[in-house]
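Here's the structure we're looking at; comments come further down.
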Ligand SMILES: C[S@@+](CC[C@H](N)C(=O)[O-])C[C@H]1O[C@@H](n2cnc3c(N)ncnc32)[C@H](O)[C@@H]1O
């Protein structure tokens, strides 16, 4: 806490809360929490202490940490439950990615639906990432008896820059883009998370048959994402019948914090899903 601040000052309360959570996070972030740890029940983090500017410039230098290549990534730290001491290897790899995961609602709802998959949220904002980390620590602690929420975690990262540093070719089965920042002004469109160049990176990381899920309440952004995906040679749009029967579409409509906000305001939600098709044969 800064000198001269009192604990009645809201900003110092926030500082004190953040410091306490940071200590807790540093202690438990990479620890294997299970029933044998006998940790006491933990309060879920309070979002108001993690507020941060809504937008982060994806082109700024964020001094992010990232591996030189996917083999250098230490996944054990994020998913200690899936590390096999005997072989010194992970038993699973990440197959589902939530790009720009925000406060992590989708990760939490996907977790029990895909207990055999590792699910990763990637988020560029520091405080928002801290919130998701604290949320996952608390959930793992409070459900240590049945090992729930061991298959989800979050990374602070810029998905527009470093995705191939984290994922091998064809590693992912699903990628979610839920309510991405709309970057309304035309001169800002290049900051959108779906562009032709970025789609080629997503196609690299996705396996054949893998799915890109998009949802937004901004019609112009929906049309932009659908158009870029339709024009890309490695993606094909899935029908609305397919969307209606897919459980992930139902989850992404309702699980994310932005989705809930749109629901409260009775706004529209536009969905578009695309399958990664095989590379064309070169003759
Ligand atoms: C409008 S919020 C939506 C959050 C969440 N998906 C939801 O539906 O509640 C968009 C999120 O994407 C994050 N973001 C924007 N650009 C990003 C990037 N290049 N890499 C990772 N995260 C990014 C933002 O910080 C923000 O939390």
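Cβ from N, Cα, C; glycine included.
Taken from TrEMBL as is:
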REGION    1-26  region 'Disordered'
BINDING   100, 123, 124, 158, 159, 178, 256, 257, 258  S-adenosyl-L-methionine binding site
ACT_SITE  181  active site
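A distance of 11 Å separates the Cα atom of residue 258 (S-adenosyl-L-methionine binding site) from that of the residue listed as 'active site'. Sequence-distant contacts (6 or more apart, same chain, Cβ under 8 Å) of residue 159 (S-adenosyl-L-methionine binding site) comprise 99, 100, 122, 124, 193. Around residue 256 (S-adenosyl-L-methionine binding site), the same-chain residues at least 6 positions away in sequence with a Cβ under 8 Å from its Cβ are 102, 105, 106, 178, 179.
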